[in-house]
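Q: This is the feature table in Swiss-Prot:
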BINDING   Gly34, Pro35, Ser36, Gly37, Ser38, Gly39, Lys40, Thr41  ATP binding site
DOMAIN    2-236  domain 'ABC transporter'
DOMAIN    297-362  domain 'Mop'
Amino acid sequence: MVSPIEVRLQMTYPEFTVSTDLALPGAGITALFGPSGSGKTTCLRCIAGLEKAEQGFIRVHDEVWQDSENGVFLAPHKRAIGYVFQEASLFDHLSVRANLEFGLKRIPRPQRRIELQQATELLGIDHLLERRPDKLSGGERQRVGIARALLTSPRLMLLDEPLAALDTKRKGEILPYLERLHRELDIPMLYVSHAQDEVARLADHLVLLEAGKVLASGPIRETLARLDLPLAMGDDAGVVIEGTVSAYDRHYQLLTVTLPGSNLCMRVAHAELQIGTLLRVKVQARDVSLNLQSDDHSSILNRLPVTVLEEALADNLAHVLVKLNAGGTPLLARITRYSSDQLNLHRGQTLWAQIKAVAVLA
């Protein structure tokens, strides 16, 4: 079992105090999510050693990087991290190849976990090696920056809003490469963002920060479904589901996706995928309606038997949020208070969730 990443920080600023006590997974992608000024980047910089917490303890894979009580503070260059900033800081007078080799040459050959060819293939930049950075698009520059960070053979990748400076099209170009790194490399990543769509697509674990404090930390599918958190109140409230492709209807071009841990399925309009492929989807609370019985005379494809777990007022007092259990998979529904009363909703009640739309994330 991979050792967790421990981060305990105490830092005082004029505007707010950062206070964290986190045990994060030592594998996969952990997202630090929250509004601007919530302390996301400060936490990342402390983990990197670019800032020193007044009181701090940081341990990564059983190696202590900071222990203020015992006077331990490992310099940034000794922490085996790959740091990706909002904008790639490349040497414009060097080619892409030379930029990548600059980082690679610092790592003794026996300690290299990733070679140049592997990094360029993973990020799709083989054809850019002889170009200068000023001839690259913003998305290409960022992919080169990520490749350069990988070539330092890090034990931990730190990504500080790496897509924030890019437009929607460029973001869409880079996200598949980040997903590929997630699938193919055994390197944990801490990913800072305030964009919920990025987090929903990439993260396995979610840390929600506000004003320097940790509001929640847990697996993304559980954390997004919590009604006591601000995420459930917004218009983008919804859950992430990672199901398994179990069938494909070529005539109607519909995937059948089996929900984890159950026999329940959803059908999703999508190109054909190999049976057994894991598929991540998002179901928005606003796209889920409730019925006391299954309506077979409806255009809605996905109707699932569910049990009511809890209910809470939404930010708009005309609505309520309902947390549901669909065979072990959490769902959220946003309905009017009037509808809740008409259905006589209560904990433990069984009914049908009608899902009007399913968004494929990855």
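Note that Cβ sites are derived from N, Cα and C of the backbone, with glycine treated the same way.
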Q: Enter the number of other CB atoms within 10 angstroms of the CB of Gly34 (ATP binding site).
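A: A 10 Å sphere around the Cβ of Gly34 (ATP binding site) contains 22 other Cβ atoms.
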Q: Which are the residues of the chain, Gly34, Pro35, Ser36, Gly37, Ser38, Gly39, Lys40, Thr41 excluded, whose CB is within 8 A of where the CB atoms of the ATP site average out, their centroid?
A: His194, Leu209, Glu210
Q: Might you list, by sequence position, any residue in that chain lying six or more from Ser38 (ATP binding site) with a Cβ less than 8 Å away from its Cβ?
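A: Within the chain, Ser38 (ATP binding site) has Cβ neighbours under 8 Å at Leu209, Glu210, Ala211, Gly212.
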Q: Let me check the 10 A CB neighbour count of Gly37 (ATP binding site). How many other CB atoms are there?
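A: A 10 Å sphere around the Cβ of Gly37 (ATP binding site) contains 16 other Cβ atoms.
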Q: In the structure shown, which of the binding-site residues Ser36, Thr41 has the fewest Cβ neighbours within 10 Å?
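A: It is Ser36 that, of the binding-site residues Ser36, Thr41, has the fewest other Cβ atoms within 10 Å.
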Q: In terms of DSSP three-state secondary structure, what is the assignment for Pro35 (ATP binding site)?
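A: Where Pro35 (ATP binding site) sits, the three-state DSSP reduction gives coil.
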Q: Ten-angstrom check, please: count other Cβ atoms within 10 Å of the Cβ of Pro35 (ATP binding site), all chains counted.
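A: Other Cβ atoms within 10 Å of Pro35 (ATP binding site): 11.
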Q: Give me the non-local Cβ neighbours of Gly39 (ATP binding site): same chain, 6+ apart in sequence, Cβ-Cβ under 8 Å, ordered along the sequence.
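A: Non-local contacts for Gly39 (ATP binding site): Phe16, Val18, Thr20, Leu209, Ala211, Gly212, Lys213.
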Q: Go ahead and report the DSSP secondary structure tallies for the domain 'Mop' (297-362): helix first, then strand, then coil.
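A: Counting residues by DSSP class gives 7 helix, 36 strand, 23 coil.
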